[in-house]
Amino acid sequence: MRPDLEMVRAVFRAEATELLAGMEQTFLSIETSAGSEVFERLFRSIHTLKGNALLMGFPAASELAHTVEDLIEKLSARAVPRTAALATLLLQAVDALRLLIGIPNVNERAGVDPGEIQRRLVAAARAGGPPEAASPASSAPAVEGEAPAAERLTEAVPAPARERTLRVGLDRLDRMLDLTGEIAIARGRLTTMLEQPGRYSPQELLAAHRESDRLYQDLQELVMKARLVPIGSAFQPFARTLRDLSTATGKLVRLELSGEEVEVDTAVVELIRDPLTHLVRNAVDHGIEPPQVRKARGKNPMGTLRLHARHEAGGILVEVSDDGAGLDPGRIRDRARAMGLLGPTEERPDDELYQFIFTPGFSTAERLTELSGRGIGLDVVRSNIEALRGAISIDTQAGRGTTLTLRLPLTLSIIEGFLVGVGEETYVLPLESVIECVDLPPTERQPGRSGVLNLRGQPLPFLRLRDHFAMEGPPAERESVVIVGYGQGHQAGFAVDALLGQTQTVIKPLGRLFQHLPGVSGSAILGNGRVALVLDVSTLLRKLLVAPGPTAAA
Amino acid sequence: MSAQKKILLVDDSPTVLLMERLLLQDGPYALLSATSGQEAVDTALAERPDLILMDVVMPGMDGFEVCRRLRAEAPTSTTPIILVTTRGGSEHVERGYESGCNDYVTKPFDGNELRAKIESFLGP
């Protein structure tokens, strides 16, 4: 019965996560726009949660849900006024329910005390008036047994590792099952043909093989499609984040979402949540000005934060824009000089100055606030995005605002790869970054990690993988350079022993031991059963360009 | 050998459906499921289950309404219906009997109690 129970728990958590997220969105706008149908849905959600929590052995969560249900019924009947203070309390109740059930909160918030929330909900429902606006922080250790019911609510539930579940439409699963059947038939036919030597021509065998291969590819495509979910589920929690940030900073911010229906791999949605959270906090903290300042500058006192997603050439693009103050090149220059990143008299164009904000430890904010000064910088955001084979770029205008653009692959697990051989090893480069291949001129074939090649009159920095990976053994007769593109029209090369052509590979994450290996983003199993490392082009190139060879200063 | 007895499970919560399935899967029953009131009515009329185990609070058509509709149709006018309610719903029990259900269980239900109730209608 154990594995079954695990399965029920996973389903329960997934369902509770969804129900709570839905309620959270509704509570955000409950003061203004709530028709009876909205309340009916709320009531059903909390009622289901209450019952399920009981079934799964979370009596405290069920008790709290019961109180919320009670309050919702009163709100629906207008026996209790719909106020902002009450909305805040209900949002805190959502946090408390997450805590009690052991669902990770998207935005970590200062200590939620379920017992305290329970008491205030009961008071609000009884009084029919707004609850006293005691902040949760000020009442942090308030577990001194007041009401016995409230005490029971503080039983701790260890937070489990995040459940990885996904809902897949039954019709999609059925089509997969059909295809599995067809593949079985095709394979059976191929086996029968192979068992009768001489009866079928090689062409016939190849045709039969190709048929089953085609079916397999259809299946692969379906499986990848089943992993696609709308990116909106990663955007919606930010309505809550902004509400909390506005309250904390006194800034007025409106959230504008677009492109929520754009579908991406479920893993992408999970993995961009943290980087996006950081960018959103950053925009509110450093970008958007306080209302008085905005007014004085002739802007709408209410700032706007836009999250926008769209498809772009094989990937997706997510923009985080604010209409705040924009980056100040002067301050970035001063800070870069103070950190020794820039010579005392050295000048750089603004575009290049902006890149410094991705340097570890770089922050020009006069004070590190509680919101964004939490030890994580944009450098971490960038490396997170690059770990997803994505890229981040910045566009800013003084006084008008800043846009950070994330480019991400649609799916994380399958890439079109370009295979190269170095010594005995095979490496995979993402095909999308490969531009062309040229011979390495014999004059450049000397040991040393990097060099610069004359490519049709242009200097092309290159990295010799043989040296980079400290490969032993004699170099090949001929070496080639694979030219890859990065950034805005820049090119660089990798010198390799052999070009082995393109292939579709499934990327597997590296084990924990090798996770932080620089320049490698994963591994892939090749057709011949051997393992190949998937190279992380941007990290490798950054190494090459940050520490250029003596002649690579161009 | 007579055909397996069919039980229709109705709930809009996947957690509850899965739980009920696990509790009953070892019994001599064929299990069907529906995730809304309308689907419950359609499935009950098409499949003629021997027993229906049904949630009360569901979007669209609730459990009471499903009971009333099924009682009004000849093929399901006497099908045993057990309602699943949640604590604090004494008015649910009353309304449930009014709408024509035969019995009810309260969450958190006990597997043995649930199986015993079902057996009392279907035999062991």
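Even glycines carry a Cβ here, placed using N, Cα and C.
Bear in mind that the values here come from a model prediction, so they are computed numbers and not experimental data.
Residues annotated as domain 'HPt' in TrEMBL: A:1-104. The annotation phosphohistidine is assigned in TrEMBL to A:His47. Residues or ranges marked as compositional bias 'Low complexity' by TrEMBL: A:127-151. Per TrEMBL, domain 'Histidine kinase' is recorded for A:211-412. Residues or ranges marked as domain 'CheW-like' by TrEMBL: A:414-546.
Across the domain 'HPt' (A:1-104), DSSP helix (H, G, I), strand (E, B) and coil residues number 83 helix, 0 strand, 21 coil. Predicted-model confidence for the domain 'HPt' (A:1-104) is 86, expressed as mean pLDDT. In the domain 'CheW-like' (A:414-546), helix, strand and coil residues by DSSP number 23 helix, 70 strand, 40 coil.
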